[in-house]
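S.K.: Mind looking over this structure? Questions follow.
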Amino acid sequence: MTGFAFLLLLMAAILGYMLNRYAAQSVRAGGGRFHSLTGYHGMFSALLVLVPVLTIILAWLVLQGPLIDRMVMGGLPQGALQGLDTGGRQLVLAEIKSIAGGRVFGTPEDWKLAAADRLVALRETSGWLLVVVVAVLGLSIIAFARSRVSAGFRARQGVERIVSGLMIFCSTVAVFTTVGIILSLTFETYRFFQAVPVSEFLFGTNWEPQIPIRADQIAAEGAFGWLPVILGTMVITVVALVVAIPIGLLSAIYLNEFAPGRVRSVVKPVLEILAGVPTVVYGFFAILVVAPAIRSFGATIDIDVAPNTALAAGGVMGIMLIPFISSFADDALSAVPQAMRDGSLGLGATRGEMMTTVLFPAALPGIVGGILLAVSRAIGETMIVVMAAGLMARMTINPLDSVTTVTVQIVTLLIGDTSFDNPKTLAAFALGMMLFLVTLVINIFALRIVRKYREAYD
Amino acid sequence: MNDIRKIERDVNMANTKISARSVDVFYGETHAIRNVSVDIADRTVTAFIGPSGCGKSTFLRCLNRMNDTIETCRVTGDIELDGRDINARSVDAVQLRAQVGMVFQKPNPFPKSIYDNVAYGPKIHGMARNKAELDEIVEKALRRGAIWDEVKDRLHAPGTGLSGGQQQRLCIARAVATEPEVLLMDEPCSALDPIATAQVEELIDELRQDYAVVIVTHSMQQAARVSQKTAFFHLGDLVEYDDTDRIFTNPRDQRTESYITGRIG
Ligand SMILES: Nc1ncnc2c1ncn2[C@@H]1O[C@H](COP(=O)(O)OP(=O)(O)OP(=O)(O)O)[C@@H](O)[C@H]1O
Ligand SMILES: [Mg+2]
């Protein structure tokens, strides 16, 4: 039925388009200057039908499910639900639904069968109702749009208004999603802080998120101090950036300014392929190749190296970040006008001087943008560290030691059978929240710095 | 009589700052300049005139090897500055460009402060030993660029915030600041009002005391006012090169006459 409704809508839109276009053409044939091209009149009608009716169909589909469920449950015989809690009611509803879907297990009670029939009937009615609504609404809108066709009607602006409304809607979707995610994080974090004091979380230097599952279980009290975890993230991020920033920037500068066209046309795509390698591949590159190499190198110069080092995870992550930094920097450098380069070279600067004194400052916002993106990626990167970093939280800044990161801890906290009202699980949300805040603060700071030092060209 | 003539010619020869012989320029397959030979005299203003797209800028850019920066561009022929081949391996293009300064067709101040724009060349060439000297160089250059009075109170405001005409004068000041021996100016007045134009022309006249100045212009009046020599280009050919007076009063070539009287262009 829903498919039919969509088809109907499509046909209505096409019909509206044709009708209006045709009408506009015939008015035009009668002579007189037209404000809008005939196509705009058609588009106006089509969009006027599409946008509201599509909204109605979607809203209908979202709302009909819960509404029908309620009606079915409300229509059950007296006493059928006696003594059942929410979970039990859900089970009954699920059973009714599966009967309605034709999957009958055992011999259900008669009232369940009746309810299933009722469910099917309600769905049917809802579908027909939808089709009728679509048809009536569609036709009346078409009629309305048709009545507007005249030489003076500003269909062009009309179409633009509808489209700009659509664009506003799309951009609010992103905003609302973000707000929703932040709200849910905040809410769960708040619940976590009811179980664990804020000060312990923020300033504690111990991270051992074990919680007795049963009251009588013998287990250590959990400790939820996030400092060692975030410190681990920082260590790995710094290692990654130390690898990525120089390599990324220098290769961008080389490609942009010094490389002959042939080299550039080969190296640039290769760098972009690097960006397409899945992080899980980097992950096993880190554990199978880099970590053993560091360990055996450490052994030859008598340094004790942990099997899972921050250096291995961070170094490989740095390689992953190179293309981000280099392609952002390359774009930013390319965007600096040729006139700037000419001006500098014309005054007798070498290419290197031109790069450091003119191009680089002018491209700074773009370059910092790339680095910021890389920092955010490094802090939030999960797969490589899950595979190559450690699990034990330690207060250390030694990159040859094993550290754990915020993301690794979130993963381990949520793996396994845990219920959602246990501090251990909620701790994951608190960590997520902190991660979000840290990234936000870094972004704000960096934008400040860029605004202060940028040299805007126009 | 004969002797006097000979001496005059010798002086002229010694006076030649840049001498170009059979210069051809290609952009990929496009032949932009065909077999151009020109002697540009020292302490003289030479004007390049000709219709749009005839290769004036292209030829100008050969004189300080700015065409090197265009990958598709190929220059053949000999160009000598003070008798030295500028395309020789031993010549450093970077050094050459400090010697042969350039003002571009479109104003292109750096997105830096007015002060830093002018100080750019002196800084990279180490012309000032301390801040005071640099300040002096900057002020002198801005005065010569006829813009000092307008910017002296905001030397640390961005150069890109100036009006188009002010930007162009800033670029002239920037080029003058490195004390070049030759100054190439590509339509320096195309964005200027009559007052600023007059100031720049005055500046050009003043620069002539020390430098060779080459100016590309679309204004016949300007060429007539400021230059002593004029070269007329047409479709990549150097049609005529002579004293300005002669070009404007008694051109030899039919095309030159048509152009200056406004029939082609
Ligand atoms: N970078 C380039 N690549 C390819 N062709 C070019 C390039 N620059 C100039 N040309 C071509 O060379 C010819 C001469 O151009 P040039 O810029 O020297 O003309 P111009 O005389 O300065 O014109 P105008 O008075 O409009 O500035 C033109 O045909 C132009 O299309
Ligand atoms: Mg030009």
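For all residues, glycine too, the Cβ spot is worked out from N, Cα and C.
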S.K.: Out of A:376-395, A:396-415, which range is noted as transmembrane segment by TrEMBL?
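M.R.: That would be A:396-415, the stretch labelled transmembrane segment in TrEMBL.
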S.K.: What else in the chain is close to the transmembrane segment (A:354-375), if you only count residues 6 or more beyond its ends and a Cβ gap under 8 Å?
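M.R.: Apart from its flanks, the transmembrane segment (A:354-375) reaches 237, 240-241, 244-245, 248-249, 253, 257, 321, 324-329, 331-333, 335-336, 340-341, 343-345, 439, 442-443, 446, 449-450, 453-457.
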S.K.: At a C-beta cut-off of under 8 Å, are there same-chain residues at least 6 beyond the transmembrane segment (A:273-293) that contact it? List them, or none.
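M.R.: Distant contacts of the transmembrane segment (A:273-293): 307-309, 312-313, 315-317, 319-320, 322-324, 327, 381-384, 386-388.
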S.K.: Which range out of A:127-145, A:165-187, A:224-253, A:305-325, A:427-450 gives the transmembrane segment (A:396-415) the most CB pairs under 8 Å?
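M.R.: Maximum Cβ contact count belongs to A:224-253.
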S.K.: Among A:127-145, A:224-253, A:305-325, A:427-450, which stretch has the most Cβ pairs under 8 Å to the transmembrane segment (A:165-187)?
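M.R.: Most contacts with the transmembrane segment (A:165-187): A:427-450.
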S.K.: State the residues, same chain only, that lie 6 or more residues beyond the ends of the transmembrane segment (A:127-145) and have a CB under 8 A from a CB inside it; answer 'none' if no residue qualifies.
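M.R.: Counting only partners 6 or more residues beyond its ends, the transmembrane segment (A:127-145) has Cβ contacts under 8 Å with 1-2, 4-5, 8-9, 12, 15-16, 19-20, 44-45, 48-49, 52-53, 56-57, 60, 64.
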